[in-house]
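Chemist: Here you go, one structure.
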């Protein structure tokens, strides 16, 4: 990892890598970051857990920008030093501004302050930590590490970091995000020992992903990584192996007699560990088990350590062959991962082999299949999601909806009832339960379910609409109109609610009020052909034939293949006495829908009338 435009004292040489090692480091960093940047997060709402689809090319844009400003901040900090043991305050301030930019892209960006501080202490001031600790233990005078302005620089970085944290607190508030057990199971373990063990197991998995990024998944929660629950679990081996390697590296970085090795390993460890600290669950609970994106910055330190180690363990030609093979593998993996991000279906399906125990993976596969109309296959994935995670209310809700469409109402009611018993404030499940109960003619229970949904989500226009339908089925017309009016107040463009008000008023003989409601709706939704159709019917009954004709024709311009619109326009012309136009639209209606109710009878009636007029003509 070559640093340019930095001047050093003759007694503080920059840790350098051989040219081939530097090239290896750069190549590995680029490929690892490219692979890791393909894995992001999904955002779920509380009703259907709709996937926020992202394309591969921009999914890691926040991480890419954070990494860019992170590296610029580090390089700018390096540029602050010159040959005569002085430093430039201006460059330090610029480094802080770039750090702030990195933090705005991703909170992890603030860790560059730790990297800069460690770099300053260990490499700029050339502090030997082992020697310093020995002097302190023996109560000898510590090394004079402050003669180069270290305290001033650390104070500037500390003040800048506090200002950034304060700005973050002012913008986003003090409350930490609320995470659940499914997001990070280890953080909810009762025993401190089990929490520590599982955290360290997560670290070992992250280390493996850096070494071999083959297992990549868009989500690692919900049982994807089973907890270690006893010291006899065979996975404890990975923890021990990880710490053996880390302790070996740390000992070499602190105690090696070779200053070049000590400084290089120190820089690599700092770049590896410090950016990962916000994700390690030490300072606060995080909302994930594993997230490849948090390894983006740490991959620089890993590649530096790997390249340095390989350069000292093998001969040059063998190193070239091994690195070339590794790069080829990474290129293949990168291409494969890019292909998996081409569609939701391929992305979700790829996760099944990595995390077969993850209920969310099965849920998203089922959701994707249901969106494409393959509800039969979706049911099996939803059932598996519920089996793996018996309290997965979103899967129960969506499975209940499919079963409702399949007219399997009893099981749908059971699933939705269980969902609201697990999560009583799940408004969408309450509404769907009300729809099922309404279909089962359990009207009192359905009404109660609808009101529960509204209680937990006061601004819920769709629920008011469904409540209005329930009241209409019970001939409670005033209540139905009030419910639909509430829906339109909350959502003025709720076309179905407006249309149902017009139709109900039309059916109950309140034509004048139906006309007013229809005109009010069209002022808000001037291109809604369904409301035009309903208003045209009302105007036809009021014998306002010209206006009615205009609305029918306008609706047909928007939706020319509406058989019912042609049929009702034909009825209008029939009443109006424009028989040839009536005949034309009856025929168009029957052509579009030969089984249209009443249209065939009206058409035959018109033909008989036309025949009578033809025979009675002189």
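Quick reminder: no glycine exception, Cβ is built from N, Cα and C everywhere.
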Chemist: Would you mind telling me which of 87-104, 177-194, 195-212, 213-230 TrEMBL tags as transmembrane segment?
Modeler: 87-104
Chemist: For the record in TrEMBL, which of the ranges 130-149, 150-169, 290-309 is the transmembrane segment one?
Modeler: 150-169
Chemist: Transmembrane segment per TrEMBL sits at which of 24-45, 46-67, 266-287?
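Modeler: It is 266-287 that TrEMBL annotates as transmembrane segment.
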Chemist: Checking distant contacts: for the repeat 'TPR' (461-494), what same-chain residues at least six beyond its ends satisfy Cβ-Cβ under 8 A?
Modeler: 427, 430-431, 434-435, 438, 443, 446-447, 450-451, 453-454, 500-501, 504-505, 508, 521, 524-525
Chemist: When you scan the chain for residues with a C-beta under 8 Å from the transmembrane segment (234-254), skipping those not six or more beyond its ends, what do you find?
Modeler: 128-130, 197, 200-201, 203-205, 207-208, 228, 261-262, 265-266, 268-269, 305
